[in-house]
Amino acid sequence: MRLPRPAALGLLSLLLLLLPAPEAAKKPTPCQRCRGLVDKFNQGLVDTAKKNFGGGNTAWEEKTLSKYESSEIRLLEILEGLCESSDFECNQMLEAQEEHLEAWWLQLKNEYPDLFEWFCVKTLKLCCSPGTYGPDCLACQGGSQRPCSGNGHCSGDGSRQGDGSCRCHVGYQGPLCTDCMDGYFSSLRNETHSVCTACDESCKTCSGPTNRDCGECEVGWVLDEGACVDVDECAAETPPCSAAQFCKNANGSYTCEDVDECSLAEKACVRKNENCYNTPGSYVCVCPDGFEETEDACVPPAEAEATEESPTQLPAHEDL
């Protein structure tokens, strides 16, 4: 059934609204916009590092007009390259904060060499220093020097957002990410550092790296003479796979795969010249194209014709 054109367009619009927004379409935060502006400013410093006024008498220009390195001309060149013409938000921020950037360049950069810290953190208060978060730039859990003990990410780190809690890396848990998850053991623990290392694959919990250090075996493994060893499910009295499948053991598990009767050592299709084709749970035996099918063989066309054309020989009779 074809929908009327207005209804079809309405349905399409509704579907588009329900689709999740792609990551790239998410608007940057004020802190990210500020950091981006500073990153481009710093790149502008690199790009103009070996330039001069561009006139014919550089020595006179530097003596008379001050050095290009710290000149307003260099500042203007850098500012002109900060925003693409189509980037409205960047240009809006630059227009609003150009006086701050000019003041830093002409008066404050020697006292505050870190433009990001001075501009985004202290002046505009859009960001926080690394290791701090939230409106008041408080220290993250575990301290600003090593948030989350170095084993996780602090919520809101470097921004005026978040709550400073830790999102631990894989293998770590706890409010400060100093504890080990199941499947990991503590290989280093002191006042400043905690390192969790993966257990052997046979262990659910462990105190060391081998299958003899398991506190509890993983599913598919069993404790045998002090070590967790693989359970061969395929050797069970009642095999886990159906009669049309064969069982293939794997570490801690198994797989059921279709039996390919055509590849077995004992031929499934026994007639001469017969082709075997595997199917899910079975197989079929078929003569090649053009071959004649008989009870005992697939006969090539030439042999079949010869059989049909040869007269049947009668037994010889003795003269009476």
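Cβ coordinates come from backbone N, Cα and C, glycine included.
Not measured: the values here are computed from a predicted model.
So that you can see what the record holds, here are the features copied from TrEMBL:
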SIGNAL    1-25  signal peptide
DOMAIN    136-178  domain 'EGF-like'
DISULFID  Cys168-Cys177  disulfide bond
DOMAIN    258-299  domain 'EGF-like'
REGION    301-320  region 'Disordered'
COMPBIAS  301-312  compositional bias 'Low complexity'
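Summarised as a single figure, the pLDDT of the domain 'EGF-like' (258-299) averages 85.
Figure note: comparing Cβ neighbours within 10 Å for the disulfide-bonded residues Cys168, Cys177, the maximum is reached by Cys177. DSSP labels the residues of the domain 'EGF-like' (258-299) in these numbers: 3 helix, 17 strand, 22 coil.
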